[in-house]
Amino acid sequence: MAKMEVKTSLLDNMIGVGDMVLLEPLSEDSFINNLKKRFDHSEIYTYIGSVVVSVNPYRPLPIYSPEKVEEYRNRNFYELSPHIFALSDEAYRSLRDQDKDQCILITGESGAGKTEASKLVMSYVAAVCGKGAEVNQVKEQLLQSNPVLEAFGNAKTVRNDNSSRFGKYMDIEFDFKGDPLGGVISNFLHISGPKGERAINKDKLKLERDFSRYNYLSLDSARVNGVDDAVNFRTVRNAMQIVGFMDHETQSILEVVAAVLKLGNIEFKPESRVNGLDESKIKDKNELKEICELTGIDQSVLERAFSFRTVEAKQEKVSTTLNVAQAYYARDALAKNLYSRLFSWLVTRINESIKAQTKVRKKVMGVLDIYGFEIFEDNSFEQFIINYCNEKLQQIFIELTLKEEQEEYIREDIEWTHIEYFNNAIICDLIENNQTGILAMLDEECLRPGTVTDDTFLEKLNQVCATHQHFESRMSKCSRFLNDTSLPHSCFRIQHYAGKVMYQVEGFVDKNNDLLYRDLSQAMWKANHSLIKALFPEGNPAKINLKRPPTAGSQFKASVATLMKNLQTKNPNYIRCIKPNDKKAAHIFNEALVCHQVRYLGLLENVRVRRAGYAFRQPYELCLERYKMLCKQTWPHWRGPARAGVEVLFNELEIPEEEYSFGRSKIFIRNPRTLFKLEDLRKQRLEDLATLIQKIYRGWKCLTHFLLMKRSQIVIASWYRRYAQQKKYQRIKSSAIVVQSYIRGWKARKLLRELKHQKRCKEAATTIAAYWHGTQARRELKRLKEEARRKHAVAVIWAYWLGLKVRREYRKFFRANAGRKIYEFTLQKIMQKYFLEMKNKLPSLSPIDKNWPARPYLFLDSTHKELKRIFHLWRCKKYRDHFTDQQKLIYEEKLEASELFKDKKALYPASVGQPFHGAYLEISKNPKYKKLKDAVEEKIIIAEVVNKINRANGKCASRIFLLTKNNVLLADQKSGHIKSEVPLGDVTKVSMSSQNDGFFAVHLKEGSGAAGKGDFLFSSDHLIEMATKLYRTTLSQTKQKLNIEISDEFLVQFKQDKVCVKFIQGNQKNGNIPTCKRKNNRLLEVAVP
């Protein structure tokens, strides 16, 4: 890929002419052709001095990347090719470095790309200013305010898919470093679009997907090709979050928009009253009901506001009915006011979020993005005030441009020449004059008593403005328009700076009045919707103002005056936007349309202003840097002042003195031909310099190549000589190694022969000795075998003789003992088979496995049982061998409990499967019982909460039951204070019932210290465990078994009385806790389940 060419000047590689001031010859045709040539090559920006002319390409171009931003950053305005970034950088640096407040005015026709230009300016400033978390947040909020305002303030028109229907002027505030602090947005009258425009706000709040169901959206222009409304909606929601809108605020905004859409669907029907007056009624109340649900308004209040109007005069109130036409007017006025006030609230809310939080001195850069000049087939009041605003902008543009040009001439000490130009102040006076202006006549007609119509307004215009040269009407006194058929009777025409525009007078009076009936304002104020209530403060009955509100025209006139005053305090920068065609298509350049815009924008006049004196100006330093190669004295370096160098240069080139003038810091060139001559000379000189550079480079390259070859030859020769000597040394070395190897081989072989001879001699002697020893051994073996055979023969003969002798001796006894021998042998075999089968049929080693092989023979019954018993005892021992000491203790306790309570206490079976924990209260870990833990020094065996039974009334109280090695302690559950302490030696017996309850009595030794009040009665969920552990602990300490009495009736000692405790069946009130009731001094009944 070819490397991108970097331009170092506006004049480098120009397509056409980058600055129209240099255009030669200057005419309307050459101006248009130059724009077209640059447009065809995707060069959409052209300069007129410091003014940027932008042609809308209607397609994305790769000229706004971060690389482009860096390319134009901190560069001179004319240093690179024309771009909107160059103007933005110039304005930003002037604000930051020279402390001058700036203003960027973006003007042009609707659809020319003004809104996009303002966004590009803001994005560039955001990219080049400081960084940091707070700065980035401010920049993001400033940038994201655009999508929110565009969503609610732009619309599709017949000329533009995203036309600004509001005037937006944003003051971006910076600190002394040039970092953004915040901003303030001014809204100059939001315009409700005419038919054929598109509102872009949709939602699903009681809305249907088919937008054609809504009258305000059911136009052909409600859909835009290539625009994804869903994506745009998500973008707007995200932007609202970044700017700082809360979720409930966003929801309220969408509810208001939904209510506006539904207002357009309300229709009315006429109804005659008894007094003969016409009255309007709502046809279908479903839409009204949904509006009331969205806004929180009483349906009857809103319905009455659409049917009646209350007029207040001094102390009187008169209520009149509204006919159908008046009802529709009231509906549309309410919808318009709702949306307009919502937009104004949005601007105020955004300003609250983006305004600077500090009170330090601020620098300001203003960006004006306002609706462009509009000429439609049907032009009404909206187009009239839009075009009036553009007239004022054109006026200030002309004034500030001439002022800037004159100031530069004075600053540079150049003689100023007066310039003739068209001044549109006469048109502005026609519209805004306080006595005879059109807006004044319109306000006067609206306030006049009697019948006021659009026709009466037109008649007044014909009377007052008939002689004005820029006003035309067929009804005026001027005879030249009487037969003009292109001008209808109900219209008037104004010759604006941009051309003639014909306005339909219909609707001027109503739109200027912009009245909202007080009944509707009061109905809106009564809404339970906080946002709607805030939009209509005049609806508050306590703040009724009978003064007539200002008209729309007077409000707009005041806003424009404020804007003009603000712009005149700042240094202006201009972007003039041009629309290339009406089709909104790329690559199409309509010369007639562009010519029309060039005329009404006054671009040729602007060029003539810049060229009236001198067409081109440039600082001495830049001029000398660019053209110094044209003079031997200034090339390659000029050592003196830049102005002196430029004087030497121009004298050397023999340029006539009348073609240029020297300012204080700049050289001024009168004719573009002189500049182009300099450029041609520079181009030729650059070619000569390029040839010289090529010649010197080629010579240097050849010399460098020769020196490299020479050095290479020396290196190669040295390396070759080294290589040859190494090869020679290797040959000598290899020869010596071969000779050495042969000598070493001969000596080794000689030594090997000697060693082999010695080995053979040793092996021969060994072999002879071995053979001799073998002969001797075989002889001895043969002798021994012969002797052994003889001895064996004698033994065999003797054995046979003894056997024969025995058989003869015992033959007479054999038959008598055969039966017993056979029996014993058979029994032995059966036992052997039995034990072998038992080996393979043994059950598992689990002690609870009751399986056992069947008995095979009856005579083995006792043996079979004994084996089963022995095997069970053996596997139980094996099982016990795996127990830890703690497990042994647990099983011993369980075994003890079984011996004490099995088949005696109904509660026992339920306790078998429950492990005995003992310490149910973790006293050592719970800080609540720290005092109790410190008081008990012995090891705690049981710690549990029990219910102590009151001896007098049978009521229960919670106590902590502690069992240690020597004592039984009772403590208060809440405080942990020890109430009673009983030594184990004083406990004589524990009594309990045979029922399924946890009641038990602890009997104390009479006369002991703890037995003062008598025996203790308790109820516990772990009775079996407590009794078992108490039994074992007492046995361990006193070597005496504790008596455990299980009976449904037993006696206890209460002080001096013996009381019988009797257990009966009854209902439980407190779960499983036994209910005790003292019958008399001798009986205590315990109800158990």
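Quick reminder: no glycine exception, Cβ is built from N, Cα and C everywhere.
TrEMBL does not curate its annotations; it predicts them automatically.
Noted in TrEMBL for the protein shown:
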DOMAIN    15-683  domain 'Myosin motor'
BINDING   GLY108, GLU109, SER110, GLY111, ALA112, GLY113, LYS114, THR115  ATP binding site
REGION    560-582  region 'Actin-binding'
DOMAIN    905-1089  domain 'TH1'
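Positions of TrEMBL features highlighted on the structure.
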residue	record	Cβ within 10 Å
GLY108	ATP binding site	24
GLU109	ATP binding site	25
SER110	ATP binding site	22
GLY111	ATP binding site	24
ALA112	ATP binding site	25
GLY113	ATP binding site	26
LYS114	ATP binding site	27
THR115	ATP binding site	25
For the domain 'Myosin motor' (15-683), the mean pLDDT of the predicted model: 79
Helix-strand-coil residue split for the region 'Actin-binding' (560-582), DSSP-based: 8 helix, 8 strand, 7 coil
